[in-house]
Amino acid sequence: MNPTNQRDIPLYIYHAGQCDPKKCTGRKLARFDLARLYDRISRLPRSAILLDPTVEKALSPADDYKKGIIVLDCSWEEVERVFPDLAKLNLKHRALPYLLAGNPVNFGRPFKLNSAEAFAAALYILGHKEQAEKVLSKFNWGHSFLELNKEPLEEYATAKNSTEIVEIQSHYF
């Protein structure tokens, strides 16, 4: 993966091999050289932030995200089984705040984001809107995610820390 400019945040995917390869957003991002794909947990970069829907601390600009962001590309039915394995790695686990999925599989469902949406949300919140748009541009439904979540994403991007993210989130549900 080559960031297109020096300020792009490195994106990493742990691919659990549970999805349809033709519909896999993680694989597609790797094909376009927007993210690096890993099939072994042991090879993930230890200094990156793992987006984890099972934790309470929200991702915010206060986090040290320069070393990259990791998403777990797996079936939502397997999340409860796979994340405990990742907990052993001593990564910085952060959750994304309340957002609606814009993809055709989980459209309009809160928190049920796919890998591309998770990356885009994190990038947007961290002030890397152009990189977020670049990630979503590879999917014909990508604009739907941004349209559905425009207002909360803009507000989350103004937060300084996790506490403020959670406070803003409380306005949306």
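Each residue, glycine too, has its Cβ placed from N, Cα and C.
Feature annotation from Swiss-Prot assigns S-adenosyl-L-methionine binding site to Thr25, Leu72, Leu96, Ser115.
Here the features listed in Swiss-Prot are painted onto the structure.
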residue: Thr25; record: S-adenosyl-L-methionine binding site; DSSP class: helix
residue: Leu72; record: S-adenosyl-L-methionine binding site; DSSP class: strand
residue: Leu96; record: S-adenosyl-L-methionine binding site; DSSP class: coil
residue: Ser115; record: S-adenosyl-L-methionine binding site; DSSP class: helix
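Those residues noted as binding S-adenosyl-L-methionine (Thr25, Leu72, Leu96, Ser115) have their most widely separated CA atoms at a distance of 18 Å.
Within 8 Å of the Cβ centroid of the S-adenosyl-L-methionine site, not counting the listed residues Thr25, Leu72, Leu96, Ser115, the chain contributes Ile13, Gly26, Leu51, Val71, Asp73, Leu113, Asn114, Ala116, Glu117, Ala118, Phe119.
All protein chains included, Ser115 (S-adenosyl-L-methionine binding site) registers 27 other Cβ atoms within 10 Å of its own Cβ.
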